[in-house]
Amino acid sequence: MRCTCFPSLALLGALGGAAAGALVPSDASGGWPPPEWASAADMAEPEHWPNDPDYGTSVTQSGQWGFYSFIPAPSGYVRPEESAAGMAIDLAWRFTQGDPRVRIAVADSGIFWGEGDLLEKVWLNQGELAAHKPRHADGAACGGEGALAGFDCNGDGVLSVADYRDTPELTPAASEGRPQGDRNGNGQLDAGDLILNFSDGSDDDQNGYVDDIAGWDFFKNDNDPFDDARNGHGTEGAKTSAAQTNNQLGGAGVCPQCRLIPLRVGESHVADAQDLAKALLYAADSRANVVQCPVTAVDSTGFVQAALDYAHAQGTLVVASMGNAGSRHHSVPATSNHALPVSAVRHDGQSVATSTTFIDASPCSSFGGNNVLAVSSPGCASDATAELAGVAGLLYSVALDRGVSLSPGEVQGLLVATADDIAVPESQEPGSLYRFSQAGFDQRFGHGRVNANRAVESLREGRVPPAVDITSPRWFEVVYKDQVQGPVPIEGTISAKRAMAYDYWVEWAAGAQPLAADFKVIHKETNVAPTVVTGAEGPLASLDVRTIGTSHLRDPDSPHGEDDRAITVRVRALAHYATGNVESEARRTIHVDSDPTLVQGFPIRVGDSGEGSPKMADIDGDGIRELVYPTAGGALHVLKMTPKGPQPLPRFPFMTGVTDGLRALPASPATPDYLSAPAYSKVNSELGREPILSAPAIADLDGDGRQEIVISTWPGTIYVIGADGGARRGWPIRLPEIPSCPLDPGAPASAPCMSAAARIARGAFASPVLADLDGDGRLDVIQAAFDGTVHAFDRDGNALRGFPVEVHYAGPLAEEPARSRLLATPAVADFNGDGLPDLLVASSERLGEDGEAGAVYVIDGRGTTAPSGPVLAGWPITVPSLSFDPLAAEGITASGVVGRFDGALAGVVQGNGAPPLVLPASPGEQRELLATPAGALPRARGGSPSGLDPTFGPLSPAAGARTMIPLLSQPALGDIDQDGTPDVIAAGASKAAALALAGAQGATQPGPHLLAVWSGRSGAMLPRAPFVLEDYAISGSQAVVDLNGDGYPEVLSGSSGYFLHAFDGCGREPRGFPKFTGQSITTTPAVGDLDGDGTLEIAVGTRDGWLFAWHTEATTDSLIAWESLHHDNQNTGNLDTPLTQGVARTAPRPLTVDLCEGPQQAPLILQLGGGCACEAAGAEPRRASGARGAGAALGAALVGVVALWRRRRRA
């Protein structure tokens, strides 16, 4: 909706303490919960507020406005159409404040046990505590009835930590500032203390989880879900959904009487899908009514979908975040079946008193056709998820009170049917200050803002909508007119078991957000009996896509044609009650296309995402390359092209081992075994394989003339697989265990262990690298890992002498940081000229104030045996880098690359939000943390270091802010302008888009996402760079190849906006580009001849589990500079590493103005504007003055972004 410029979480930051003017407990009368007769006007009176100090609104405090049914502090500026600031949770409290029988499982970063508002809210597993019942101080048994017999010491009818306060068996004894039993030393008796006191190694309730007293940690695979990294994301979300309320502490929870089951799935708001899947299964088996899932998975797997299906069947509703990237990036589980995705809306001013609307789309909240509901939230979609989980808890509580068992579909139907539609007519006017909205569904607001009170009242009246569920086609699937053999079945179910009868319609319309009048009926039925579940025995209907068109008016959130091929399938149902009719619906966005350039048999539904990226190599030795593709489901596919389509080589796909907890023979005595849990009798545990999220490395390791494939998994296992599909002797290798540091001060600490001071773990995201480190003529396996070290092994799996090498900053420019992981893949080059390769390594350690920099190292190939130590002289170098996202973007996460710039060997490194730095082997003096080293390249004409200039090229088609901020991607190299010097390639965004990601609205239109190319000779962007992408190129990089035979290479780059582009130095695309996938591309494309016909194919995978391959017109003797992620099949990241395909020819002359003149070749979808002009090679760029060069030029642009990210982190 409306766009203004303010920090997304400045409000939360301001409320972190007791703000001046905030309500004090005496300001509230204690008249909470409100009486049933109270109105919205009554809710504006403090006497009906809970006495929590952060809840109320005042002159200087906005309060928890998202709960309000009224407009606080009316100033006369608010649109007259709006009557409520939030979701009317305050009115819903008239009828229910929750029920302790309702359980909300919080799948997140874990919990701070000592948080005051949560001490009494954690669900305790009576079955596991049966042998450890609480007792009175004199040893007498406690009371209680039924299941609570012997547990209810304080007589409140609920088992909580308070019942254990006087239990004599608790240790240690009370001491100053610490109650009896405070084993974790936080000054409170909490559920974590009960875990430490009563874990006895027995699975007393025989649910498959030993000592699951208060949730589980699926990230560390133990029974204590404490947030040992002190991230706080899970704790804040738990407080939002179900904090203890009216206790004169903090804020109110949406469902104050609901119980919380803390489930740790990661250390921040991102997690591995396999860990999330295990948590979902646990939640369902624990009879959780709701799973609060604000995390987004780094991957997508069949296991997480199976877990969602199981939870749905067990009656557990999974509320999922649309994502916090402010983009259309496909977040998981939001794009999965049987999840309820939500986005965020908020007020548009610095405070409620200065706002004009309370339905402003949060710019950091992602959007798309899968969005279902909008939630009033001061933050992004993560916070919205917590609020909606609490609202769902209220509904389940009302249902329990009335003896009704609600299904997840019915809860979703209630929320959709009672939502407040967001439709602002002025938002549709050109130049409007409001983000586009319309009557009915739209991508940013779903079906509207949640109205908790109306949902509760509808349930109390018995007006429960039908449960409508679509399971196929899959979200955003591309259906090809030239491939389908008949109508496409639409599968799902419709039920309305409480109604007298129901009607339903299956419809379709063009676009991702068509109006209700645009839909055409495919099939309908009326007066269906309530005992009939439509779709249980066959498809709901079918749609012949061969006969339909997708033409429609382009929607404002798809300016580059992202949704031009989209259609929406809608299933609408109407339940008939004596008191009236109630409607519900479900919808599905898919794409309809035709593409004759697809390789036969593609795209392939592999079922799991492929963040690791494809490679092409001759595995079977017949002289033709196969397509090698690793997946998050643990499958390594090796596909051979045949006349019948792609076929796997014998014994492929190779499958990694199952994750910890799912092994019949656990990896160690400390590793748990979950296989006896009820869920695994119905869900195939074999789906829970260790995910491969990094690129495979391919070479002949053993000298037999056939290539081996090396892969590493996210949990930290390295495999070497032969061409026969079997693991080689000595492999796999499991990287060292990194447990959580013990919370009990008296317990011995294992070393190393994970804590706030050492954010390390077992695992790997960096790709394995192959290089001969010891000079014996044989390739070694190099792996940077989550334990903060670089490991190296010989071909037989033996650790190389001098390795592992710990990477930890101890330099003079910053205080020693907390230890952290290595996410970046090392690049290989001989930096010190001793004839042995060295390693360019970046670390995720956060340096400086609030993590404003990271460090990059060059490690001697001899490791710790090098005479001068493992790090070369002059290194590490500190690099400006924003730490705005735990794990994903802190320190330096982008992999470095290596090339020769005017003959000088140099590494190229990229921080978050800063231009890449070109650093020679001797980078020179660095006087300040953020200063450019004296030897940085390229150099200005006066000889001073200048670096790469973030300023746009003068002819760039990009609109909005004229500053490029590299983000969430990895650099590549290639001589794009053919002047003999490599050019630097990086993806990112304009300042405006970065501000949206940070949570501020800075312009009426969102800023563009960009692909930059800097001249390696001058440091300036090529004149037409950066080029426009549709969305972020999250975690991906680029390939560089000449696709049209003109001698000038194209840069191949995908994004979350569905397209794979091929830009030359002037931003032009060859015939047939861009390619459309309909899904988020998170992989780097690979290039090679897969069918032996002398022309090149391109392959790329998607987040949604599809693998695409296209024919091109390029021949095998084309210029290929960068063939796949990390340049080559050994993953060296070095432009000088010889490729086994293509040629290294150069164009007859550099790309200059006269060669670019003439009409611009228009891409199929993205029009970049007319004409192209490139300045002569070597021209001096415009650049900022000052000693810091490009860093200073970018500094001003990043000031606001940094401030916003810091506020988001603190909140």
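Just so you know, glycine gets a Cβ as well, placed from its N, Cα and C.
Curation plays no part in TrEMBL annotations; they are all automatic predictions.
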Requested in this report: Looking at the candidate ranges 169-192, 217-240, report the one that TrEMBL labels region 'Disordered'.
Outcome: 169-192
Report summary line: Expressed in Å to no decimal places, the gap between the Cα atoms of HIS233 (active site, charge relay system) and ASP108 (active site, charge relay system) is 7
Report task. Provide, as an integer number of angstrom, the distance between the C-alpha atoms of SER382 (active site, charge relay system) and ASP108 (active site, charge relay system). Result -> 10
Query - Composition by DSSP (helix, strand, coil) of residues within the region 'Disordered' (169-192) - result: 2 helix, 2 strand, 20 coil
Report task. With an 8 Å cut-off on Cβ-Cβ distance and a minimum sequence separation of at least 6, pull the same-chain contacts of ASP108 (active site, charge relay system), or say none. Result -> HIS233, GLY234, GLY237, ALA238, PRO262, LEU263, ARG264, VAL265, GLY266, HIS269, GLN292, CYS293, PRO294, VAL295
Requested in this report: Indicate whether ASP108 (active site, charge relay system) is helix, strand or coil by DSSP.
Outcome: strand
Query raised in the report: 10 Å Cβ neighbour count around SER382 (active site, charge relay system)?
Result: 27
